[in-house]
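If you check TrEMBL, you get these features:
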- 1-386: domain 'Major facilitator superfamily (MFS) profile' (DOMAIN)
- 33-53: transmembrane segment (TRANSMEM)
- 60-78: transmembrane segment (TRANSMEM)
- 84-105: transmembrane segment (TRANSMEM)
- 117-137: transmembrane segment (TRANSMEM)
- 149-169: transmembrane segment (TRANSMEM)
- 196-220: transmembrane segment (TRANSMEM)
- 232-252: transmembrane segment (TRANSMEM)
- 259-280: transmembrane segment (TRANSMEM)
- 286-309: transmembrane segment (TRANSMEM)
- 321-344: transmembrane segment (TRANSMEM)
- 364-391: transmembrane segment (TRANSMEM)
């Protein structure tokens, strides 16, 4: 999870660098497809990694995923064209991320039942740690050594990080090697359950909102008068907040109920995006406040979503329900960044006092905030259909 979520949480660094160098002639929306395709591969292909994990255990997919992720960074250093970057970063890196991520969640599910929310939260804090460290490493390496050597050194770092995963990850149950290899096919019939349909759409809208700040915060800060060092530190601050945001809500979910907790955190994401980021402009203090609050609130987005789905189905049907929800949500991660980039590019030349495209940034931030607001409505509606309006009901 350190490798996968660490790179995802560092995507703003790559977006800012590509915008100034290899992909400078491309629109923000076109650059956005690089990162959205990476996310889509991680979450969509991850559906099919589950059966591989069930049959062979974690060792085979984790070893292959390690090779692909490390190889993608080594190859990325040689990429100079749009297609090359898409193939190396999006498809190769995303496929490797899918092979690493699904077994990580699977191993947790094998060993934890009652405290699964806390265990998942603790494990996913690694993504926040990677999101703190990787941008700071790249900030030092890119100007000093250039893009090629920076990505090579990052590849070596990930090679070292994946070694403990290959040695330590194991499943509690023996691999089912004698069973035929199955595929996970989404079952859209279960969307007739309005509670589940609403929870699935909530995940979709949540991913629409989440990956906008994660991808564009560095470019936003740079375009509003922040120096490169402050812009990179802002991303690390956001990811530092997500470390606590991944662990503490998971702990609270075990006692308060996952739906209750995720409703609170999504409401905080909505408020921080529309109340802090939208109004921040060139204010460094407001940007830091947004980074801390949003980082904490969004830390639980990807971890608690699957736990909430487990509240709506029998444990024997969990794989089918999760596969269908992830299928729906993966298109949120696929389209989020390109839509945000298109909104940023349609600013129409309306400039702020600092020369930034103020109208485009406003549209992008409103898209993220409104997406979170829709996710909040869906989660609240699903909870009301399941247990009613009782505020003290654990669910």
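Each Cβ is built from the backbone N, Cα and C atoms, and glycine gets one as well.
No curator has checked TrEMBL annotations; they are predicted automatically.
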* Structure fact -> Same-chain residues at least 6 beyond the ends of the transmembrane segment (149-169) with a Cβ under 8 Å from one of its Cβ atoms are 2-3, 7, 58-59, 62-63, 65-66, 69-71, 73-74, 76-77, 100, 103-104, 107, 134, 137-138, 141-142
* Roughly where does the domain 'Major facilitator superfamily (MFS) profile' (1-386) sit in mean pLDDT, to the nearest integer? -> 83
* To do: Take the transmembrane segment (259-280) and find every residue of the same chain, 6 or more past its ends, with a Cβ under 8 Å from one of its Cβ atoms.
  => 202, 206, 209-210, 213, 224, 245, 249, 252-253, 286-287, 289-290, 293-294, 296-301, 304-305, 308, 311, 362, 365-366, 368-369, 372-373, 375-376, 379-380, 382-383, 386, 394-395
* **the transmembrane segment (196-220) in contact with the transmembrane segment (84-105), cutoff 8 A, at least 3 CB pairs, sep 6+** => no
* Asked: Against which stretches of its own chain does the transmembrane segment (321-344) lie, if we need a Cβ under 8 Å and a gap of at least six residues from its ends?
  -> 27-33, 35-37, 39-40, 42-44, 46-47, 50, 184-188, 190-191, 196, 199-201, 203-212, 215-216, 305-306, 309-310, 312-313, 357, 360-361, 363-364, 367-368, 371
* Asked: In the same chain, who gets a Cβ under 8 Å from the transmembrane segment (60-78) while lying at least 6 residues past its ends?
  -> 3-4, 7, 49, 52-53, 84-85, 88-89, 92-93, 95-100, 102-103, 147-152, 154-155, 158-159, 162, 165-166, 169
